[in-house]
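Features as listed in Swiss-Prot:
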type     : residues        : note
ACT_SITE : H263            : active site, proton donor
BINDING  : H79, H236, D240 : Zn(2+) binding site
Amino acid sequence: MQQITLSKPVSCYGIGVHSGKRTQLTIEPAKENTGIIFIRTDISSENNYIEAKYFNVSDTLLSTTISNSNKIQVSTIEHIMAALWGCGIDNAVIKIDGPEVPIMDGSSKPFVFMIECAGKKLQNAPKKYLKILKEVTATHKDCELTCTPSDHMKIDLTIDFNSKAIGRQNLVFSKQESFNNNIADARTFGFTKDGDYLQSKGLALGVSFENTIAIDDQDKVLNPDGLRYQDEFVRHKLLDLFGDLYTSGNNIVSSINGYKTSHALNNELLQRIFSDNTSHKFVTASEI
C-alpha cells in the first residue's frame, strides 16, 4: 500500500462557522512523508505553516484548533481532516487566507467532493499505520474513549444527549471505504438556546440552516429539510472522531470504543498514546 496525494490543486470559498469570516481554501499535492500541513497565506511570516498534528492542538472548545510556535492558528480543521482520512490522502498542503476552515454544509462531503475532483496520485513511499499494542483510555467525568489492540480498525461509538431530538444513539463502523457514502455528509448540530451565549463569546457567528442542524427548546429540528439520517447526530460525532484522530498523522489500527466523545477527549487519547512508547508502533500494510 503506497502513500497518496492529490493529482492537482483544488479550491473552495466559504465562511467559518464560528468566526463568520469568508476564506478561500486550496488543497494542494505534497511530497511523500509530508503529512497534512496548513499554511496561512494571509500572514507574511515565514512561520505561517502548521502541521496538523495532535501536539499542535491548542483549543478544543466546540472544534479543533491547531497553532504553531508563533501562535498562528487555524480552527475547525476536523471536517476537512476527516475527508482527507476518508479519501486515503496521506500528504497535502492546505492553503487558507483566514483563521478558520470554511464550514461548507457542516459536513465533510464538500471536501470529499473536492478531493474526488482533483483526483489521487500514488506516491513512491509505503503508507504507514499506527498500530495500537495495548489498551489506552482517556476519560472525563462519564465520558470515555478507549483503544485496544486489533488487526483492523473498528469503532463502536455511543452518544447520549438530554434531548428528545437526539437521545442515545450508537454506531459501529469498520470500513474506511464506506466513509464517503455513509458518514461524510452527516452535519454538525447545535441548540438554539446556546446561540446568544456563544455569539456573545465570538463563536457561532457563521451558523445558519445551510451548515448546522438546529434544535429548538422543544427538542425539534428546525431545518426545513429535516435530517439526512435518523442517526445523523452520532454519524457526525464519528466524523469528528475520524478527523481528530487523523492528527495522529496516520491511520490507526485498533478497536476503539467511545462514549460521549468530544474534541478534547479525542485529543487526550492521542496524547496518552504517544506519551507511552510501548502502546504503539508504526507499521506498513504488510506488517499489520
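Count begins at 1; order follows the chain as displayed.
Each residue, glycine too, has its Cβ placed from N, Cα and C.
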Site with most surrounding Cβ atoms, counting all protein chains shown within 10 Å, from the recorded positions H236, H263: H236
Near-site residues: Zn(2+), ref H79, H236, D240, CB cutoff 8 A to centroid: E78, A82, S107, S108, A186, R187, T188, K237, L238, L239, G243
Cβ neighbours of D240 (Zn(2+) binding site) where a neighbour is any other Cβ within 10 Å: 24
When distances run from the Cα of H263 (active site, proton donor) to each of the binding-site residues H79, H236, D240, the nearest one: D240
Cβ-Cβ neighbours of H79 (Zn(2+) binding site) (radius 10 Å): 31
